[in-house]
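To keep things clear, I will list the structure first and then write my remarks on it.
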Amino acid sequence: MAAKDVVFGDSARAKMVEGVNILANAVKVTLGPKGRNVVLERSFGGPTVTKDGVSVAKEIELKDKLQNMGAQMVKEVASKTSDNAGDGTTTATVLAQSIVREGMKYVASGMNPMDLKRGIDKAVAAAVEELKKISKPCTTNKEIAQVGSISANSDSSIGDRIAEAMDKVGKEGVITVEDGKSLADELDVVEGMQFDRGYLSPYFINNPDKQVAVLENPFVLLHDKKVSNIRDLLPVLEQVAKAGRPLLIIAEDVEGEALATLVVNNIRGILKTVAVKAPGFGDRRKAMLEDIAILTGGQVIAEETGLTLEKATLAELGQAKRIEVGKENTTIIDGAGEAVNIEARVKQIRTQIEEATSDYDREKLQERVAKLAGGVAVIKVGAATEVEMKEKKARVEDALHATRAAVEEGIVPGGGVALIRARTAIAALTGVNADQNAGIKIVLRAMEEPLRQIVTNGGEEASVVVAAVAAGKGNYGYNAATGEYVDMVEAGVVDPTKVTRTALQNAASVAGLLLTTDAAVAELPKEDAPMPGGMPGGMGGMGMDM
């Protein structure tokens, strides 16, 4: 085991604060509408230019072990805020730096760090309650567009695209972000349920121009096992042929003579069918088949439910208005399922989302809700160069997270104003002793910091603006984009409540840990072994003169 360097007290804290400052100073220049760019080196290809706080934070690793510890703790603030709320990473970093900087002064003067932390926690809890009171619901398209624009660094076109997408697929719908093929941003909306499985044979295609199989008013047969024997399918195929309607078969797989017979029938025009594999794997496949059954008003033909293929009737098949099957996707439009059953299924999946422990499971469940309840929208990001594309795509993803957060918990006035207003709840607080009161003061001072930084990045005098905004009431604040004092909500400068709340809570949490640190243990740098001595020189002449 390598030897460790153990550093105590002020020496440890001072080094860690240096690390905090290095990271925070690099991140905070990106804050606000007039935030600056940060250029990140790449091991290959061109550098990345970004105004996204968390992207900058993730790049930073410091050579000094103790400094790096401090930097990594603040990096945790940024990434945690990004994961929870999707935005507010720079605000969280600025708040954490301020709490640490002010707190260290009190710790150095001999105050009890634990009481300081209790004071900080008390102040943050009061501020969060006040933020909830200030918050107002975000419901209109205009408000959603405003939140999206602010999070995308004041790019209104991105905000408009997100609002349009949410309008099309509903608040529960899935919105994904992809690289576009042109210079302009585009929005594609898939109505109905789409899953990522296509036709099993190109002979099913009946629309050669689009290379898809289109079924109008079809039956849908759902089976959880492989189908290889055509005899199993014959009874149900005969019933469908009599009804004179097409059939979509979704099974674990369709192979051998079963697939060959379906293809031959399709080519001869006897029965229009398409076979596709069931989406997902394992338990998720069963759940998705059940979703499709509820959406189309059919049943999954499975041994568990006591149903077999040979005895299947038209009553057990699902129905839809139209189904399109491409090479890689199948879209079911206007399934014949009962609205009550679909709603019950959505409710059931939502309960599973709340209980889900992994992000992956939660994401997959959310997709299932969207496919049942709304639809899927794809925002295709357009840009001139790859560097711009990456930067813009990151901003669109940020804005998307922020708008979801706004719809979830509402909005507060942006530009650092909400934190200034929330200070009123803290000003009246008193702690048990002087040290706790100092902790409350630390948070009071820190809550000015985001506004100060926004103004500083805009090239104005911060103290004057902070005093003017603090003297105002309600949504009155400073719009750094125009340099005017306005009603922030009317001007469209709003932040999701969840973003502001999460930023403050995460910043206080990590800053509190740093303040109560009294020792740091780091690996000693490895001493390079000296190079071995060189080989002796070559042999001289042998001196064999004849």
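Glycine residues also receive a Cβ, built from the backbone N, Cα and C atoms like all the rest.
Summarising the annotation, Swiss-Prot assigns ATP binding site to 30-33, K51, 87-91, G415, 479-481, D495. DSSP assigns G415 (ATP binding site) to coil, not to a helix or a strand. Residues within less than 8 Å, Cβ to Cβ, of G415 (ATP binding site) and separated from it by at least 6 positions along the same chain comprise G32, L451, I454, G477, Y478, N479, A480, M488, V493.
Sequence annotations record features per position, and here Swiss-Prot assigns compositional bias 'Gly residues' to 534-546.
Per Swiss-Prot, region 'Disordered' is recorded for 526-546.
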Secondary structure at T90 (ATP binding site) (DSSP, helix/strand/coil)?
-> helix
In this structure, which of the binding-site residues G32, G88 has the fewest other Cβ atoms within 10 Å of its Cβ?
-> G32
In all the protein chains shown, the tally of other Cβ atoms within 10 Å of the Cβ of D495 (ATP binding site) is 31
Count, for each of the binding-site residues T30, T90, the other C-beta atoms lying within 10 angstroms of its own C-beta, and report the residue with the smallest count.
-> T30
Around the Cβ of A480 (ATP binding site), other Cβ atoms within 10 Å, all chains included, total 25
How many neighbouring Cβ atoms, not counting its own, are there within 10 Å of the Cβ of K51 (ATP binding site)?
-> 22
